[in-house]
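This report refers to the structure that appears directly beneath it.
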Amino acid sequence: MYLDTPDFLSNALHFLTVLGVPLHIFGSYCILFKTPKNMSTVKWTMFSLHFWCMSLDWSVTILTVPFLLFPAMAGYPLGVLTMLGVRTDLQVYLIVSLLFSDAAIVAIFENRYFQIFARDQNWRRYRIPLLTINYVLSFTFFIPALVTVPEQGPALEEVYRLLPSLPSYVHELPIFVLAVDVKYVVIPIDAMASLMTIESFTFVWLLYKNMSKISETSMLSANTFKLQRKFLKAVYIQVDVYMLNIIIPLLVILASMLSNFYSQAANNLVFIFLACHGLSSTIIMLWAHKPYRTFCGEIFRSDFLVGRSRFSVSIRPKRSIRDESYQRSVANMTGEIHSILPYF
């Protein structure tokens, strides 16, 4: 069946490359040149997320093209890096590091929390060390798995024993076995994923808590509060799409490993779905944020894409607040709301 062949995987991923490269470049252009100047506080965190998303996309679709044999931790790369003679273990390191570079997601949530609520709090002293540690961990957490790569001869025999129904052409490929004991791979991945998830949800919770507090004090009008929520909702949608395109393939791979189920067609389709994350994330970004949506509308002359702003800002203090720190948080949020008005 064609779906389970290396040719199908390569052709499908290369097709996604043809579609994705111009779209990614266009998305980068929009962030760098069509983001309003008064949105500089969020511009570079958005570009960081887009950059890592784009890098993962290109690494899967053209640089490595991983032909994997799950439930075994084995496979063979078919991409440009193999043609250039790059070692397979280094290609594995590249893919996994980019796949779990969730530090960019943490950074965009932290940026919103800091700019709106915490610019005058002690958090400003700790944010840079935290973000630096996150990025360092993203590119070091998988090193223990790489230094425990088994001897390839016995490991390959174990793969053939585990998967007796492998197609004959697979036996002719120079298969690389990452691990026989999956704990060396699963434990670092689980630890990193858990850390980034906890940090992301912490900042989302802090945003929700502080916005609820602002709402309860009636310091801002309903329309103003709605504008800020709408901006954050656009960010949430973009991140959700990005994560779903990663989480769903990982769940399928996990199910394959737990059930010891092998289907090369399913393995190929999983990575094709994963490779679509770049296209979907960039499309959502261009649709969710008004400056980019407006620019696209100007290009394609589409009133549907452009839309119109329906809201105005009215800030009406209803009662005094004694806590000066809290008053500064309200002022920060007010400034941020004025800066995001071009988005709506």
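Cβ coordinates come from backbone N, Cα and C, glycine included.
Counting only same-chain residues 6+ beyond the ends of the transmembrane segment (12-32), those with a CB under 8 A from a CB of the stretch are 43, 46-47, 50-51, 54, 57-58, 60-62, 65, 268, 271-272, 275-276, 278-279, 282-283, 285-286, 291-292, 295. Look at TrEMBL and you will find 12-32 (among others) tagged as transmembrane segment.
Among the features that TrEMBL reports, transmembrane segment is placed at 44-70 (among others).
Cβ atoms under 8 Å from those of the transmembrane segment (90-109) belong to residues 42, 45-46, 48-49, 51-53, 55-56, 59-60, 63-64, 66, 77, 79, 81-82, 131, 134-135, 137-139, 141-143, 145-146, 176, 178, 189, 192-193, 196-197, 199-200, 203-204, 207, 235, 239, 242-243, 246 of the same chain, restricted to positions at least 6 beyond its ends. Look at TrEMBL and you will find 90-109 (among others) tagged as transmembrane segment.
Under 8 Å from some Cβ of the transmembrane segment (130-149) lie the Cβ atoms of residues 89, 92-93, 96-97, 100-103, 106-107, 110, 177-179, 184-185, 188-189, 191-192, 195-196, 199, all in the same chain and six or more residues away from its ends. Look at TrEMBL and you will find 130-149 (among others) tagged as transmembrane segment.
Annotated transmembrane segment per TrEMBL: 184-208 (among others), in sequence order.
Among the features that TrEMBL reports, transmembrane segment is placed at 235-257 (among others). Among residues of the same chain six or more beyond the transmembrane segment (235-257), those with a C-beta under 8 A of the stretch's C-beta atoms are 49, 53, 70-71, 99, 105, 108-109, 112, 182, 204, 263, 266-267, 270-271, 273-274, 276-277, 280-281, 284-285, 288.
For the transmembrane segment (269-288), same-chain residues at least 6 beyond its ends with a Cβ under 8 Å from one of its own Cβ atoms are 3, 9, 12-13, 16, 19-20, 23-24, 26-27, 30, 46, 50, 53-54, 56-58, 60-61, 66, 68, 70, 234-235, 237-238, 241-242, 245-246, 248-249, 252-253, 296, 305. Feature annotation from TrEMBL assigns transmembrane segment to 269-288 (among others).
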